[in-house]
Amino acid sequence: MSWDQVWIDVNIATMDPEISAPYGAITDAAIAVKEGKIAWMGPRSELPEFDVLSTPVYRGKGGWLTPGLIDAHTHLVFAGNRANEFELRLQGASYEEIARAGGGIISTVKACREASEAELFELGRQRLNALAKEGVTTVEIKSGYGLDTETELKLLRVARELGKHHHVDVKTTFLGAHAIPPEYKDNSDAYVDLVIDEMLTAVINENLADAVDVFCENIAFSLEQTERVLSTAKAAGLDIKLHAEQLSNLGGSAMAAKLGAKSVDHIEYLDEVGVKALSESGTCATLLPGAFYFLRETQMPPIDLLRQYEVPMVLASDYNPGSSPLCSSLLMLNMGCTLFRLTPEEALAGMTRNAAKALGVEDSVGVLKPGMQADFCLWDITTPAALAYSYGVDVCKEVVKNGKLVHQ
């Protein structure tokens, strides 16, 4: 056999549902890589003969390989910070009160409008590096802090550039309908017209987005406005997704599911009607424990219903300056278990297999098996559950992206 590299003395959490063992585990395993893809994988005792003199062999010292982590919901391209609002919230102000007073998203919009592409790129690069050190190999980045055509395009251009200059794959999402800008506060329908007629057209013309998202909520966009944006995006051939049921239940998840959305995100107030709609459409439910924690929310997502209806559960950081300034995917694994009562296996699936489905890349990443992209991490742990159990110690020892060792 002729391979580019071989890994031995490892255990593999493949996350492949076709393998019945927990985590799709193969113990005392080996994995071979050829031309950026997994060429062979299985028990080490069954490893075919290969040229050991010409093939790099890496020894995992009994650690665990997992698929590269996928953070399927971030807002990591932004300027400024909102530490002052953190103080206000702790003094009793609500997220809605801050937003209606011109704070929240709008304060970050001002900072992003003033920042240059170079400044935004450097800030984004630092944050992407932080995620990459924790084993993230694919990430989604949303716009939404421009709320005018020029700045929305600027944010998406920066996200695209990050993908070109970093080993982490970047999927971009246009979120022009993130909040109603001050200049349209008395005419939100006119802003929706701008999002559809001008912003989205420009985004498509420059090929800046893989998907389109909307914040469907009482403080943002109505169900009807949301459907207008998503329907237009779908007709243009873009994937669609939705911030839904975070603060109330407007029925956004059910509507998005009927349109074929890849995911609906937050969903603390999702009801059984919405869960059933997700199940029927194959739409993923993205859980964002960072925002739940940071905003000190008490309404839990309907985890048991999602299990009952077998809706794929995704776990993501929602990294952003206002409601989840927590740039750590490993922390989300722990929070997913401690706050939402996911099992460690469900949490890891939410950052691998299911996250890939939410981004539409499940044919290439998210599980480890022959033919898939060689994106994987070596962890200095004795069980995959340790990734969710403990936090703060660097256990990510190696990262392979597209068959290349990128972190050692």
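Cβ from N, Cα, C; glycine included.
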For the Zn(2+) site that Swiss-Prot assigns to His73, His75, Asp318, which of the candidates His243, His407 is also assigned?
His243
Which of these, Tyr23, Tyr58, Tyr145, does Swiss-Prot list as part of the N-formimidoyl-L-glutamate site with Asn320, Gly322?
Tyr145
I need the least crowded one of these binding-site residues (His73, His75, Arg82, His178, His243), counting other C-beta atoms within 10 angstroms of each C-beta.
Arg82
So which binding-site residues are near Gly322 (N-formimidoyl-L-glutamate binding site), with CA atoms within 10 Å, out of Arg82, His178, Gln246?
Arg82
So if I measure Cβ to Cβ from Asp318 (Zn(2+) binding site) and keep only same-chain residues at least 6 apart in sequence, which ones fall under 8 Å?
His73, Thr74, His75, Asp265, Leu288, Gly290, Ala291, Ser324
Is Asp318 (Zn(2+) binding site) helix, strand or coil when read with DSSP?
coil
Counting only residues 6+ apart in the same chain, whose Cβ is under 8 Å from the Cβ of Tyr145 (4-imidazolone-5-propanoate binding site)?
His75, Val77, Phe78, Ile105, Thr108, Val109, Ala111, Cys112, Thr151, Leu155, His178
